[in-house]
Each structure stands twice: as structure tokens, then as C-alpha cells.
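Visitor: Provided herewith is a single structure, encoded as C-alpha cells, for subsequent inquiry.
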Amino acid sequence: DFGRSSELAFVVEPSDDIAVQEQPLILYCQVEGIQPITITWRKNGAMIVDSENAFMLANGSLYVSRFQRVRGDGSSDEGEYDCMAQNHYGLLVSRKAKIQAATMSDFHIHPQNAVVEEGGVARFQCQIHGLPEPVILWHKNSMPVNTDNERYTLLPKGVLQITGLRAEDSGIFHCVATNIANVKFSREARLTVSGSHSTVYKDPMILVGPENLTLTVHQTAVLECIATGNPRPIVSWSRLDGRPIGVEGIQVLGTGNLMISDLTVQHSGIYVCAANKPGTRVRRTAQGSLVVQAPAEFVQHPQSISRPVGTTAIFTCVAQGEPPPQITWLRNGQILETSDHIKLKNNNSTLSIYGINQADEAIYQCLAENSAGSTQASARLTVLWADGLPSPPQGVRAETVSATTIQVSWEKPLQNTKEIIGYVLHIRKAADPVEMEYQEAVSKSTFQQLVTDLEPSTSYSFYIKAYTSRGASKASEVTVVSTLGEVPAMPSLFIKVINSTTVQATWEPSIKLGQHEGFKLYYRKVHLSQYTGPVLLASNVTAYNITHLDASVVYEVKLLAYNQHGDGNSTVRFVSLRETVERTVLNPPCDCMKDEQNNKTSTTGIIIGIHIGVTCIIFCILFLMFGYRGRLLMCKNVQEQLSTPQIPRSQRSATGLVLNGATRRDRDDRDLNGKQLDMNELERLFPASPSQEQQEKGITSAHSLSASHDETQISTLPLDEFSIIEEQPDPLPKTPHGSSPAALAPDHSPANEG
């Protein structure tokens, strides 16, 4: 690689300019690089031949002695100029410089007479076109307007604003436009200030709002906004997108004009001017758009590279600008034509050259251009070639082995074979671009390669290169061969029983099978050798119903896909319809109306049970409130240990009253006797002496009461687990404090025995 200073490059390029009629013009061009270097100039793409009017200076610049916008022969010196530099390594083209003639038109807007009351706002405007943009100044009564007066505001586009008018502001105004081409004067206009300052209320009103502007970065934008009203409105600015305007480079001219200096692309947007009545929300608005363009500039330049013959060279050129620039590539000053081995990608940002050879050695340029300007960058490709490299491999042949395999063979080169360290086989689908090529390395003693994992019925191209430590040989001749066709893969088959005589065969979509024309379906009874079929089905069919089957036998179903190369492997499934018939007999259809009625009955029973339970709880609470000595339907673990022995079942009174858990015979007897407890019966069942405490009331539970419990637990249990027993007094030892001889004992018998 050569250093940057040795490469051909521009130090100074021609720039855009505005020329004055009949005046000389110089376009500069300075180049560095390895001599000798030849410089030539072009205008609008045509070579410029030295003449009396235009010729090249010794430093390479172009000198135009008398610039003419239009010559006698109809030609013009206006146009796009570029310079070209060439040396032994290639040719370079500069950016295009746009040359225009300085001009100035007549005024197309002149100031108009105005009569404004005192304290109001006056505005004069004159407008003229020219190159370069004319500078406009204002005169009052033939004297330049005093710009030190804060009430006088001069805007760049030829606008004069006068606020807070006074009687001395009356006079005759005109504007003067000046540029390098000419000086012109507008017509005169009279300003008359009438009456005194009015105190009548006036809604805010915007006389002139901002206009749409398109400018270039680093220029200055002035957005005009002049408003009237009584009281005088307050002018404010905002962006329509809600983003802040910022403060850097922002200035207010006069009473409400917005000036933005040193424009950037971020300043683009829609700006809103608002005239607000002080102290209220009354406002009027106007808006204008600002578009800021940026000339093309490079984010990434292409870099000069050196590559051996047969390899790939890649140049990258990334540019930005507003609007986004277009990228064009040149090769030695000429538009680069793409081909099989020269490709442009990523919106022309990437240039790839495949299989480079000596003819590709050149200077490659990237030109980026938009409406705001253009720029260029260059890089050189050096192709490395060493003497004594092998000649191309000979006799390349390719033979088809199968639908996915091809065998490639070759013979060693005819010359310079001693330094060969290996071969590289280049493989590509014949229909693919060059960049889709891939390689397989082979040892120097191998002269054939089996290429696998190829696609069926596809053409492939092959060529060979021999490699040494100093580089590669030229490519061998290219050979093209196609793989064999392939039968489709096995489809995935599923069988679904529809009824006692019909089954449905389904399979996966055809995209998973490869190339095929359709399906063949066979079926038979397993004890027979003859198939029914084939049933030919189209490639887009994925289901088929097999009908009129015998439910008493087992069937075999077979499916395969086929194409022009033959039938693929089949998928086999077995199916029996006997179980379907048996399920139909054993499981007749349900009586849905009957089940629904049973569900309703069960629901009704649950509701009635809940009501009964609630009634019983209320009944218990009433007994507790009136102090009765029996507690119904509750279970209580008493802290102190019960010492009274259990009464044997044989000694229990036959007159014992069973409230819950009684047998059906007992319940029937109670129903006949009109089972109701009155107060006397309860007192007889639960006798107590006057001195006995309320805590000695008895409740016998069907569950054992644990005397070891340290805390009392009260729980609500199902009614069927409780019974109330009248105990017969036995000759027991007297209890202390004159307690009743009646005993409290847990009942360990089943609840339904009472």
C-alpha cells in the first residue's frame, strides 16, 4: 500500500461562484500525488480546449478572461465545471462547481402609500431578484433611514417596519437594491400619520405572518410577524411539533420578528406566531415552514486497498445531507458500470469487486450529490500479481451423482506447480449472483471433490484456483452441471374415524414435501392383498374421506406423494371401526332433559337444607337467651376433666329422646306421637337442683371429648352427629358442693344408634 501523500488526490477543488459580466474568472484546482500528473478541465461534461477566452494556468487553475453570460454564437460561460487529474495509477475527477452570472432584475414589488393613525404600525416592502442576493436599504426623504431608532426595523428581504407611529415619521420612503451586478432604486411611497392615539379597543390582528423559507445550513432565517391591536398585543413564537425553539442563535427583531442565525438541519419545522391580548387568552396565530438543507458530506470515506488476483475488493462510502444525497461511483473518471463481478449494495454505499484481475486496478471515486451541493472521495485499488504463480488448473469436469451431490475433478496446472499448497473450489448456483459464491479448500494432492448438500434439479457452476504462499493462479474454465431430480418426501398421515362406515385421512401441507405433482391414496382390508386405489389427489388437497367401510374389520390406509421423477415413500396407517360401533351400543345418547331436571332437583334440596340449618340455629339462640339448661346442636370441649363414668348402653333408658341420628323406625314413631318438646318435658329430661350452677348443663356428643384439651373449642357440626340422652341415676359417690347425680359422659357409640 502507498501512503496517502503518494496517492493522487485533490488539495483544492473548484467551488461554486457567481461571475460578473465582462470580468475575469478564476477556477482553482490543485492536485498532489506521484508525478507526472496531467490536469484537464471540463464544462458540462465536455473537454475545454485552451483558447484566448479560457485557458489553464501553470498551477492547474482555469482562467476565463472575459466572462460572458451569452456570447455572440449563442454559447455561455455559465455551467458546471470540473477538473480531472491523471497519473500512472489512474484518473481523478473533482466535484462539480456551478458557475452563474451575476444579475439583478427590476423591482417586482414596490412600496405603497400608507395612512396610519398615531401609535399604529406601518409596513413597507420592496422585492427584487438577483445573483448574488441584493442588499436592500431604505431611504426616507432621500436620506438613509436611521437604523439606531428602535421603532424602525429593517428585515433582510426588503421589509421596513415602523411601530408606535408618531407625527415625525411622516415622509417619503423608497428602497435601494445593490449587488455586484447593479444598483437599482424603487418607486417612492408616502407615509401619513393621522390623528392622535386612539383608545378604542381592537382585537389583536396579525398583519403579516411568516412565509415559507428554504435555506441552507449556516445561513440566517428571518420569520416576520407583525401584529396590531389595542392594547398592543404581545407576540410569541413556538414550534408546531412542540419542540423548544431554543436560545442559541435566536434573536427577536423589532416587536415580534424571529431571527435564527447559523441554521442547522434541526431548525427545520413549522413555526407558529401568536398575537396575544395582554391579560387574556384572546389570540391570533399564523404559521410558516422553514426547510434547512445540508450539502452532502462524507461520514465514511473509501480507503485505498491492495488485493491479490482472484480475491474480492470492497469499498465503502457513506454520505449524509438534507435531502439525502445520491451516490455515484466512477472508475478512472468514468461512470462505473455494474456486471457479474462488480456489484453495488446498500443504496450504492458499498462497491464490491469479485475475482479481481489486472484490469480492475484503477482509482475508484464516490460522488455524493444533493440539491444543496456535492462532494467526492476517492480510493485506489492495487492488484497484487507475483511472477511465477501457477497457471490455471486444467480439465475441470463435473458429474452428477445424485439429487444432492456432484463430483468435481480436475488436473494440476501446466506451469509452476512446485509451490502449490492447495486448491480452492468455487461453487455457485448458476442463477445466483457472484456474491453468493462459496468455496471449499482442497489439499494439493487431491484432484477431485464430492460436493454435497445441493438442491435437486438445480444447475451449479464450478471453477478451480491453485494457491501458493505468494498468491493464487487465474481461475480455471467454468463448468456447469445440474443435479438429478428427487422424489417427494413421505407425507405425515393421520386417520380420524367419522362414523361406523367412514374415516377421514388428513396430511400436512405440501410445502414440506418438496416439489411434487400430487398424492396417491390406497386402502384395503388387512386380510386382503388387493388395494383399492390409487385415488389421485391434487397437490393442494390435504384431506380425503373414505366411505362405505365394513365396521367389523381392520383397514390399512397408505398415502404417498409423486412427481415427474416417480413416487415417494408411502406412509401407512391402520384403523378399526369396531370400537366406534361398540361405544355407540354401550353408551346410548343421554337424556339431557332428564339430567337437567335432576340437577334442578339437587339444587332445590340444597336450598331447603340451608333453610333448615338456619332455622335450627335460630332455635338454639332462643333457648340460650331464656336460660334453658340444655344447649342444642353445639359441641363444647370443657377445660376440666370429666370424672363421671360412661353409662353402659344396656342401662340407658328406653324412654331416651333421640333428636338426631335416630333410625327410621324411631322417627316414624315420633311422627305418630306428634314429636314436639314442651317445657315440662325438657325439665324432666334435664333435672337440676336450685343450688346447681349453670355451667353443669350436659351435652352428650357422638364424638369423644378429650379431657387433655387446654382450651374450649366451639364448632358447628352436621346435625346427624348429635344426640341428646336422658341418663338414669346410679348410686354414685356424692359430688362436692351438692352437685346433681346426673352424669355427663361422652357417647362413643355410632350416632345413628342414639
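Cβ coordinates come from backbone N, Cα and C, glycine included.
Note that this is a predicted model, so its numbers are computed, not measured.
Per TrEMBL, the feature domain 'Ig-like' maps to 8-100, 105-192, 204-287, 295-382. The domain 'Fibronectin type-III' annotation in TrEMBL covers 392-486, 487-583. The annotation transmembrane segment is assigned in TrEMBL to 606-626. Annotation source TrEMBL lists compositional bias 'Polar residues' at 644-654, 689-707. Here TrEMBL flags 644-754 as region 'Disordered'. Feature annotation from TrEMBL assigns compositional bias 'Basic and acidic residues' to 663-673.
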Visitor: Restricting to the domain 'Fibronectin type-III' (392-486), report the mean pLDDT as a whole number.
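Guide: PLDDT averaged over the stretch: 90.
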Visitor: Could you give the number of helix, strand and coil residues in the domain 'Ig-like' (295-382) as assigned by DSSP?
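Guide: DSSP classes over the domain 'Ig-like' (295-382) add up to 3 helix, 54 strand, 31 coil.
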Visitor: Find the member of 204-287, 295-382, 392-486, 487-583 that has more C-beta pairs under 8 Å to the domain 'Ig-like' (8-100) than any other listed stretch.
Guide: 295-382
Visitor: Report the DSSP secondary-structure composition of the domain 'Ig-like' (204-287) as helix, strand and coil residue counts.
Guide: 3 helix, 44 strand, 37 coil
Visitor: With DSSP as the reference, give the number of residues of the domain 'Fibronectin type-III' (487-583) in helix, strand and coil.
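Guide: For that range the per-state counts are 10 helix, 50 strand, 37 coil.
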